[in-house]
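**Student:** Please find one structure pasted underneath; my questions will follow.
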């Protein structure tokens, strides 16, 4: 047996694998080629479709869009035209219905139709880019019809409320106000009864047209001017109503008032009466019921009128009624509760009639704040009264003596309620020694000396004391205001009196003396015034503020400066008169002697006149000091002139002596401080006390009549009476002038040293 063996080479295997793979690949390739062919066909079909769309469909679409846009614009234009035609139709319909309603006096409906026509016209005018020539004609027609409507409403309003007023040329016064009347229609006609209440119809129509405010404002002004304000200002006016068949007439009648100013209670009753009548026949009308889509409460005519006139009416009530009712005395403040209650009731009644809203008004606030107003009014009245006293005549005087005093208010005894409790003093045992000094001061030690002051100043002090007494029964704030008002009185005096009476105080010596006394009198009381009331005032003032002592130096200075200024004037007149005496030289010349004698007589006359003017006016001590100072001025001037002479003949000496004797004899007679002549001798004898140069003047007279030895004896080696008044140089000058140059004169001069 034979075995065959086949041997396969490597190249054969490779060929077999390639053949296998080829047989597997060939069907897939054939399928792909078929797909490619189909895709190419589809691609050609798509290209054909795209070409068709771009060439035919796109062109048709563009045409369709253009047609659609044109149709849309046409639709919008047609819609606008349609809306305009509709508004024109509404305008025309509204005017037709307006005319129908106006003829039938259905004023509210007529007014509403006018407003509809106005609304349609506004809509037409708001269309931008669409102007119609007819709009101008429509606007004109609407204006004409509106004015026509207002005319008819005005005619109806004049029938409902008719004013009969005084001629416009007359000023508003009590007599002219008496002729003011307001006629209110009460019965509508048959036609009006069908249409509704005439007042409501007319006023609501005014409200729809927006003219109610203007009409009501005019009515409110007339009501205030001719009815309400006169009732407040003139107490004699009494309102009353005269009822007729179809009209109610508001009129005035005159009644004699008990007081110059009506009480708030009476005024409130009068005002309330007027408003109640108006509310009943005219003002109780809703003015917003005709307005659609309003959810708010209906507003009445009374409320609108109240809003317009209340502020002015309230101010008038405060200024012309409540101000006058503020008490002038703190004791009457409790009685003012009645006024506050009356004010509350008055406002309550007005709120019920809807003239006022729910808030508290300035009128009630003012009435409740009576304490503050009382203090303000009291302070104002005090200052006004004080200024009137300060500007009154000074020369009307009253006599003040140590026994006299201001009618001081009687203050209550200190008690547990006082600011400061007084400590009780323990009783001294009987066996204790009394340490009190037996010698006591006079009861007049600290009293003001007898003098004359202005009656107005005495009243001024009484006013100050009474005002301080008011503070003790007032509230803390009122107490402080009143206290400082009293201080203001004196500060005002300090500024006003010297300025207001300046000319008279400079020219009239008596007024200067009275003003001096006035200032000293005020200063005297200011020392203790604060202390008297210290423990009766509020705690704030009790801590040292309640004092007037700080004003005392100023018043003393004020009085002294005025009087000293007058003294300077009098001194100037004395010196001016003595300047015409020709220096008292060459008295042997009759003309010179006559001039000197005349000057002496004029000075004495001036002093006597001043003595009479100041008599019983100045305190005695001040009088004597003043007259002594003026007489001293005259004597000092005469002495100075005579001592200055270089040559005095014997005849000159005799005549100079006679002139000096006139001064010595008549000079004391100018001291007449008291009206009783016999009481003045005491002060005339005390002339040397008040006239500093009196003894010098008498020594000069001795020298004029003495010889050399007598002069030397009077000198007495510098220890005599002559040396007490004159210096050695003055005595030597007189000796040289009186005596010739001799050995005796030289010896005498040698002894004067």
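The backbone N, Cα and C atoms fix where each Cβ goes, and this holds for glycine too.
A quick note: this is a predicted structure, and the numbers were derived from the prediction, not measured.
According to TrEMBL, the domain 'Centromere/kinetochore protein zw10 N-terminal' annotation covers 11-95. Positions annotated as domain 'Centromere/kinetochore protein zw10 middle' by TrEMBL: 153-390. The domain 'Centromere/kinetochore protein zw10 C-terminal' feature in TrEMBL is assigned to 446-576. TrEMBL lists 598-752 with the feature domain 'ZW10 C-terminal helical'.
A description of the local structural setting of each listed feature is requested, covering burial, neighbours and distances.
**Tutor:** Broken down with DSSP, the domain 'Centromere/kinetochore protein zw10 N-terminal' (11-95) shows 85 helix, 0 strand, 0 coil.
Mean model confidence for the domain 'Centromere/kinetochore protein zw10 middle' (153-390) is a pLDDT of 76.
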**Student:** With helix taken as DSSP H, G or I, strand as E or B and everything else coil, how many residues of the domain 'Centromere/kinetochore protein zw10 C-terminal' (446-576) land in each class?
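**Tutor:** Its residues fall into 108 helix, 4 strand, 19 coil.
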